[in-house]
Amino acid sequence: MKFGKLGAVFLAIVLLLSISPFYAKADSNDTIVSKSDAGTAIVYGQEGSDTVDILKEETPESEILVSVPSLTKVSIEETNSDYSKVSYTDEKTGKTWVGYITNDSFVEPSISRDDQNVENSDQQGTDQDKSEDSNEAQDQQSQDTVAENKDQSQQSDETTTESDKNSDQAATENDQKEAEDDSVSDDQKSAEESKDSKVENSSDSDKSVAEDKTTTVQPRILMARTMSVKQATLHGIALKDKTNVYEKTTGSKVLKSYDQGSVLKYETYSSDWYKCVVKINGKYQTGYIKKTDVENEVSKQTTVHGIGLDSSTKVYSKASTSSKTLKTYAQGSVLKYKTFTSGWYECTVIIKGKATTGYINKSDVENIVTKQETLHGIGKGTTKIYSKASTSSSVLKSYAQGSVLKYQTFTSGWYECTVYINGKKRTGYIQKSAVENSVTKQETLHGVGKSTTKVYSKASTSSSALKSYPQGSVLKYQTFTSGWYECTVYINGKKTTGYINKNDVENSVSKQETLHGIGIKSPTNVYTYASTSSKVLKSYKRGASLKYKTFTSEWYECTVILNGKSVTGYIKKTDVGQQLSTNYGVSFNDMVDLEMTRSPDTDLMIGYLREDAFGSISGSTGTIKGTDWRVRSDTNTDADVLGYLQNGARVEILKRIKVGNYYWYEIKCVVASRSAYRNEVAYFLDPNNFAKGTPEYLQFLNLTSSAGLNVSEVNENILKGNGIFEGKAQSFIDAGKKYSVNEIYLISHAFLETGNGKSELANGIKVNIRLDSKGNVVFADNGEKEVDVLPSNAKKYDAIVYNMYGIGAVNDDVIHGGAREAFNRGWITPEDAIIGGAQFVSDNYIHAGQDTLYKMRWNPDTANIWHQYATDIGWAVKQTYNISNLYDSLDSYTLVYDVPVYK
C-alpha cells in the first residue's frame, strides 16, 4: 500500500519536471531584458497561443516573418527593452529567419504559487524533490541545503534566481501517515504539525531562501500543541542581516539563519511569531520566526511599469541592496515589474536566455501613470525628444520653439510620445519642463489687435507670420496656453491653424452690457475698427444720445444703420460719457447780479442761526427752541434779518461754522413766498452746492438722453394707480424716442400738471368749435380756433380733447386755455396728448438750449432772463424730488448729466 503510493508520486514528479524549463517564480513576473544577453532560449506562446511570431521590425504593427511553435529553441543575437533580435532555422527546410520576438515570449506562462508543485532542477543547478513523498524518497531525490546552494554558487554570475524557494519543504503526506500508524517521535510530530509551514531553503553559503509553491496539506491528526487559530500560508522577506529561525518561540536555539532580503515562506502562528519548516541534515524540522524579523509580500501582485531614476538602476538577486547585482539599466530605461513589499518590486530578467527573478529597490524607480492621458502643448525652447526618460540618453529628434506637440502623461517629470525616424515609429520621451500644455478645454474669445497683429505659424514670435491684421481689427480666437491664443486663418483659400501672442490683443468683455450715453466730442465718431485710424462709419453731434455696448477697456461697440443695413461699429470711450461740462462765458458773480435784476422770489429761506436757537439737532435736522429767533444773512448779529422762526420749527442744517465763542449753523427752511436775497440766489445758482448722487443733483440731468426704461417695469412701478396714465408706459417711451426727451422727465412733468393723471384736462374735455352769428369759425388772438368747453354729460360735441402737460392752461383760464390748445394741436386721445405734448416741451425748451432743469430755470447760455421757466429760485430743485422718487422705483435706467462751469 505504501509502496504503491510512493511509486505514483514519483511518477508524477518525473512528469512535472519535464514541463517547465524555467524557475517557477519567474512565471509570475514580466520580463526586463538585457541589451547584452546572448545565447539560446526557449520561446513560449502567450495567452493561450500555440505559436510565437518572429517580426520583421521592433513594433507590434510589423510584418510577421514566420510563426514558430511554442517551446521552440531560438538563438539570441541582440536584446533591447521590449524586443530581442533572434535567429531561427527550420530543421526540415534548412531556411533561417532573422527577426524580432517580444521579450515576454521567453517567459513560460504563469503557474500560480498554490498550484505549482515542482521547481525545475535546471534553474537551481540541483534536483530538488518537491513531491509529497516520504522522507526516505526525498532523501534519495534531493540533496541537503548546503549542497544545493553550493551548486547554485557555481552557476554563472548572470544566472540568478530570487533564491531556492522550495528546498525547505514540509514533511509529506506519507510522513503524516507514518506518524499516524507508527507512533512517530516528538521530532517527527513537530514536523507533522509544521507540514504546511514552510521556509524556502537556501544554501549555507549565501543563505538565500527559495519559495515553496506546493499546496499546503493539513495534518490528519491534530497534535496537542497545534494552535486553534486557522493557519494561513505567507511569503515574505528577511529584514535583518541575519534573520533567524528558532527552535522554540522562547527565542532559544537558532536552527538556521538567512541573509537580509531572502524570500521566505511561513505560516501564521501567534501574535508575535510565524511557524515554518526547515531542513536540517536532510530532515524537516519545525521552527519559528519573529514577526518583526520579516515583512510579508503583498497578497496580490500587480504589474507595474516605470523608469530607472538612478544613472545605473540595479536588479538585485535578493530584496536587499547588499545582495548580488544581477543586472543594471541606464537612467530612464522603461522597466516592467510587480509589486512585492513596501520597499521592493519583483521582476524577471533574462540571463543567458533563462528567466531569473530579481528585485528592484522602490526608491530606484518611478512608476508610470496607471492611465495615460493624451495632451497637446508647445515647446518652450528647442524641444528634444529623448530615447529614454533621461536627458543623458540619445536625442531622437528636436523641434523648434513654439512647435505644437502631442504626447501622453508618463511620469512626474516626463511625457511619452511617438516620433518617426526614417519613416519608422519610435517611442520617445519629452521632459515636462521643456513644454507647456495647452488648456484642456478651449474657450472661444473675441478681441482687438493692439497694433498690427501677426498670426504666427507656431506659438513663437520667431516663427513665420501667416497673416497680419491692422490695429483695432476685431479677431476671433481660442485659448491655448498661458502666452498664446490659437486661431484659424485662410491662406490661398485653405484653412490653416495659427497662433496669436496674448500681448498683441485685448479680449473683449465676456458679457456685454448695454449702456446709454451722450457724445461729448464734436463730432462723436463711430469707427469701422476699434482704432481711430480706421474709417469713420458715422458721426454724431456733441450731446447726441447714443446707445452702445461694453467691449474693451478703451472701446464701446455699437450698431449703426447704413443704407438700410445694420453695421457694427466702435466708439472711443473717451468720446462718450454720462456727464457733460458746459463752459459759459460769464462769471458766477456776474450771473448772480444779472439774476437779481429779475426780482427772483422764493419760499425757501437760507440763512444763519446761532447754536443757542436749537433745542435739539439730529443728523441734518434741527428743531427750534423758543420764539422769534432771527434768521440772519451772515454769521453775526449785525447781519440782515431774513425772517423769524418759532418754537418747534424744523430746519435743514447745511453747514456748521465756528465764529468766536459760538457755533453758527447755515440752515434752509420753507417760508411764505417773498423776494429772494442775493445770498439765496447765489446758493441755488452755484452747482457746487449740490452733491452728485443726491436728488437735487438731478437738476443737471440731461433731458435729451433716454433713460433706457423697461415698459413693464414703468407700468407696474410708476404708472399703476395713477389715473389716465395707468398702462401708458409705451406712449411715454415712444414720445421720448421720437422727440429725444427723457421719459422720466415727461412722466414727472405730466404728474405735476395733472395731479397724477386725475385732472379734467387729463381725462378729456368735451368741446365745440365756436361760431359767430353768421356761422363762421371764431379765432383767438394767437390765431388758434376758439372752442367752447361743454359739460361732461353733453351728448353732442365736436371733440373730446386731452392735455397732459398743462400747455396753454394759464392761471386765470386753466380748463378753457388747455382745451383750446389741445383741440388746435389735435390731441383727441390720451396717447396723442402724451406724444404731442412731448413735442411742445422738446421744441420750446429742451431743444431750444435748455435741456436740463437748471438751464430751464437759469438759462445761463445766453443769460436771457426772460426765457426762464420760473422766477422761483428753488424751482429746479423742487422738480428733482419727484423725478428722484420715480427713478428710485426702477431697477434699470441711465443718467446723463450736464453741469455748468462758470468763469
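Cβ coordinates come from backbone N, Cα and C, glycine included.
Under the heading compositional bias 'Polar residues', TrEMBL lists 137-158.
As annotated by TrEMBL, compositional bias 'Basic and acidic residues' applies to 186-214.
Residues annotated as domain 'SH3b' in TrEMBL: 302-369 (among others).
Here TrEMBL flags 373-439 (among others) as domain 'SH3b'.
Under the heading domain 'SH3b', TrEMBL lists 442-509 (among others).
Model confidence over the domain 'SH3b' (513-580) is summarised by a mean pLDDT of 91. The annotation domain 'SH3b' is assigned in TrEMBL to 513-580 (among others).
Annotation source TrEMBL lists domain 'SH3b' at 619-694 (among others).
Look at TrEMBL and you will find 717-898 tagged as domain 'Mannosyl-glycoprotein endo-beta-N-acetylglucosamidase-like'.
Among the features that TrEMBL reports, region 'Disordered' is placed at 108-217.
Taken from TrEMBL, the feature signal peptide covers 1-26.
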Relative to the domain 'Mannosyl-glycoprotein endo-beta-N-acetylglucosamidase-like' (717-898), the stretch among 302-369, 373-439, 442-509, 513-580, 619-694 with the most Cβ pairs under 8 Å is 513-580
In DSSP terms, the domain 'SH3b' (619-694) comprises 11 helix, 37 strand, 28 coil
Using DSSP three-state counts, the residues of the domain 'SH3b' (513-580) come to 3 helix, 41 strand, 24 coil
In DSSP terms, the domain 'SH3b' (373-439) comprises 3 helix, 40 strand, 24 coil
DSSP composition of the domain 'SH3b' (442-509), residue counts helix/strand/coil, works out to 3 helix, 40 strand, 25 coil
